[in-house]
Amino acid sequence: MTIKDARTPASTQNTAQADTAENTDTAEDTEAGKSIGWHKAYVEGSRPDLRVPVRQVHLTNGQSVTLYDTSGPYTDPLVDTDVRRGLAPLRENWIIARGDTEEYAGRPVRPEDDGIKHTSPRGGLRNLDAVFPGRPRQPRRGRDGNAVTQLAYARRGEITPEMEYVAVRENVSPEVVREEIAAGRAVLPANINHPEIEPMIIGKRFLVKVNANIGNSAVTSSIEEEVDKMTWATRWGADTVMDLSTGRNIHTTREWVLRNSPVPIGTVPLYQALEKVDGRAEELTWEIYKDTVIEQAEQGVDYMTVHAGVRLPYVPLTANRKTGIVSRGGSIMAAWCLAHHKESFLYENFEELCEILAAYDVTYSLGDGLRPGSIADANDEAQFAELRTLGELNRIAKRCSVQTMIEGPGHVPMHKIKENIDLQQEICDEAPFYTLGPLTTDVAPAYDHITSGIGAAMIAWWGTAMLCYVTPKEHLGLPNRDDVKTGVITYKIAAHAADLAKGHPGAQEWDDALSDARFEFRWEDQFNLALDPDTAREFHDETLPAEPAKTAHFCSMCGPKFCSMKISQSITEQFGGTAAAGATAEEVAAGMLQKSKEFAESGNRVYLPLAD
């Protein structure tokens, strides 16, 4: 496989959008609004339409570092993106070529899909038209009741273009990808009605993934803001995005997000179903829920959180909890079960739901509706009773060829985290675990991205496949654009730390490149290799804003006389490589004295030019 530069002709799927693009030496980061030291490139697979995007960071020493990229076409200078048009359908030809799907008319969009009763006007669509104006499309589904899932293909021994795509992204063989999906240890969320996505995989043998939540509420936000949050989250590394909208215009918001998203989109159908009955949980029915799932599957939702593990017998187990049931979906289903004193309609109709999801390749994210909402409630009987049911449902889903991952807590102190992953892997046959944190303490509102980032790094090291981010606004309010970035960066740190601990191929190459740049005082390389180049550069320039500071052999932390790396570098230059390890104290002192003289003889020059 070869890497091709985005500064050469763009990929075939993007050429239609490249009308006004210009060739440039460095990609313009349109989201951050700054020109930075990397560009979009593509790794070619076995076929001309399989080109996997990567981020190539150019170093001042002439080398480059290739990094995983989730930002989609928005950072390709050859692609003219427009949210009103949406992204090009990257996977469309792959889906059609398989010959096992068909287009059909689909269900009509109804006013209640957007939380609107009959003819009441739509509101809150600032600066964007109500209906997505992009290319007309009809939904697809499996022909003749076929399961058109990546799991079904993998079990038949087929390596799909999507599987090869993620193999390139993960630096593994396509057969490894197929094996992990076939065994149910990994999922490749890719609804056939979301052809715009760049395929990715979730499983413990692969890079740890990060999900970012967006979504409006009855109190705040608009469609425009949610689309912006989605593109902003993927710019900083979100591997998937969940639209958790609970206010007006739920259907319309989701359509705009899906048509513009290069990453898989997840939802909780129960939220929209509840809006259709004016928020009265007791009025929910299987028919309303089923219709909502079909509506979302036709739009292209890639994975759905389904709280089918919240059963009537488990509700009393939460009575003595400190914080009760904190999951929105869990509380809705618990209220329904108690109102009717019946078993959950999600649990009782689970196999029929599997048939629907298999027809569109929607992945299950089996929800943890009884997760602990405080560390006092961690690892209690209610939580683990639900987990045992999720294991049962996972086996049913796999029998129906539906890809499945399992959601996990929540609030768990550090000494109880490992029990969660060990039990989940045992009970759920190693299905991918997808956890919210967990938060390791409850005392830090406004800093829960940190309390949860600690738990996230630990549980990912032990095998969690995807982490749901937590922002500083957790428990306090709806996150804004800055909160989204902070949450994503925090969780990318946790995920990468886990990748290092697991020994994922290529993970340490990134760290080594930044360490070399730090030791050699290549400041621009340090900035450009950082997870957040903008903030790294900003912090450096707060105290050393002058351009010559970018070549200084110190920073404002220690100054020119006390920089440990400069001193270490001087020792290495004096004695060279391995010889320095055997230097005596007298030799080190002599070397330091010699360097002091050289510094004085050079006119006490602090700033040195970069090497050619």
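Cβ coordinates come from backbone N, Cα and C, glycine included.
Annotation source Swiss-Prot lists region 'Disordered' at 1-33 (among others).
Per Swiss-Prot, compositional bias 'Low complexity' is recorded for 12-24.
Positions annotated as region 'Disordered' by Swiss-Prot: 105-146 (among others).
What Swiss-Prot records for Asn213, Met242, Tyr271, His307, Ser327, Arg328, Gly329, Asp368, Gly369, Leu370, Arg371, Glu407, Tyr434 is substrate binding site, and it gives sequence analysis as the kind of evidence. Mapped onto three states, the DSSP output places Asn213 (substrate binding site) in strand.
Per Swiss-Prot, the feature Zn(2+) binding site maps to His411, His475. The Cβ of His475 (Zn(2+) binding site) lies under 8 Å from the Cβ of Pro445, Asp448, each on the same chain and at least six residues away in sequence. In the three-state DSSP scheme, His475 (Zn(2+) binding site) is classed as coil.
The [4Fe-4S] cluster binding site feature in Swiss-Prot is assigned to Cys555, Cys558, Cys563.
Between the alpha carbons (Cα) of Gly329 (substrate binding site) and His411 (Zn(2+) binding site) lies a span of roughly 17 Å. Most Cβ neighbours within 10 Å among the binding-site residues Tyr271, Tyr434: this distinction goes to Tyr434. Cα-Cα distance from Ser327 (substrate binding site) to His411 (Zn(2+) binding site): 12 Å (rounded to the nearest whole number). Figure note: comparing Cβ neighbours within 10 Å for the binding-site residues Gly329, Gly369, the maximum is reached by Gly369. Of all Cβ atoms in the shown protein chains, 27 besides its own fall within 10 Å of the Cβ of Arg371 (substrate binding site). Residues near His411 (Zn(2+) binding site) in space but far in sequence (CB under 8 A, at least 6 apart, same chain), listed by position: Arg371, Pro372, Gly373, Ser374, Ile375, Asp377, Ala378, Gly437, Pro438, Leu439, Asp442.
Largest Cα-Cα distance over the residues recorded as binding substrate, namely Asn213, Met242, Tyr271, His307, Ser327, Arg328, Gly329, Asp368, Gly369, Leu370, Arg371, Glu407, Tyr434, equals 20 Å.
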